[in-house]
Amino acid sequence: MALRTLATAKTLGAISRFQQHVRGLQTFTLPDLSYDYGALEPAISGEIMQLHHQKHHQTYITNYNKAIEQLDDAITKGDASTAVKLQSAIKFNGGGHVNHSIFWKNLAPTSEGGGEPPHGSLGSAINQSFSSVEKLIAKMNAEGAAVQGSGWVWLAVDKELKRLVVETTSNQDPLVTKGPSLVPLIGIDVWEHAYYLQYKNVRPDYLKNIWKVINWKYASEVYEKECP
């Protein structure tokens with residue numbers, strides 16, 4: 001079953017890439033996961049991961065590509081009104097694609113280092129900015145739980161000021177909407193589709209458990225690239 005679900009995800013990606021080639025317009029495809037849907041259990045169920053990846057993320061990509069095609073057509077026709085109207089769909093669905101592409105990289109099975117605390121330069125920066133990893137997690141959990149409706153909670157580095165910050169964004173707004181110098185290190189999806197099947201409406205429990213599969217290695221690599 002594990003191999004079958006992973007193969008299904010890769011097949012979807014291959015189909016999307018073929019469709020992109022046929023259209024001739026630069027569009028976006030569903031990224032493959034580096035782990036099986038069930039590999040994050042018990043923190044996140046395989047059912048949630050499969051629906052989240054194959055259905056929700058794919059829907060954002062499909063609608064983003066559609067909006068891009070419509071925008072291309074509107075620009076070709078010189079239809080400024082339609083081009084402006086499409087901006088909200090591009091922001092929402094494009095943001096959904098950007099955010100989820102980061103989210104999958106932010107997760108890792110415990111057998112592959114998921115949940116292991118950060119060391120090196122990122123660990124030192126966290127201690128300097130938040131006193132400890134535990135206090136950072138508590139801050140992100142509190143701010144994530146307080147997001148009204150749907151959105152994201154982020155750990156980011158301000159690449160100009162060289163400091164860590166915690167931010168939240170609404171709906172599918174990408175982190176860049178909070179500042180062009182902010183680079184996401186960890187983004188946690190607090191939309192109900194990310195946890196409801198397993199945690200019902202108890203978002204704090206989801207936030208508590210997701211840290212068991214957070215990929216700090218990936219976050220550290222991004223941080224070291226931005227703050228060498």
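Backbone N, Cα and C define each Cβ position, glycine as well.
Predicted automatically and left uncurated, TrEMBL annotations should be read as such.
As annotated by TrEMBL, Mn(2+) binding site applies to HIS52, HIS100, ASP189, HIS193. The domain 'Manganese/iron superoxide dismutase N-terminal' annotation in TrEMBL covers 27-108. Per TrEMBL, domain 'Manganese/iron superoxide dismutase C-terminal' is recorded for 118-221.
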*Within the same chain, and leaving aside HIS52, HIS100, ASP189, HIS193, name every residue whose CB is within 8 angstroms of the centroid of the CB atoms belonging to the recorded Mn(2+) site, in sequence order.*
HIS53, HIS56, HIS57, PHE103, TRP191, ALA194
*binding-site residues compared (HIS52, HIS100, HIS193) - highest count of Cβ atoms within 10 Å*: HIS100
*Tell me the Cβ contacts of ASP189 (Mn(2+) binding site) under 8 Å, same chain only and six or more apart in sequence, or just say none.*
HIS52, ASN99, HIS100, PHE103, TRP152
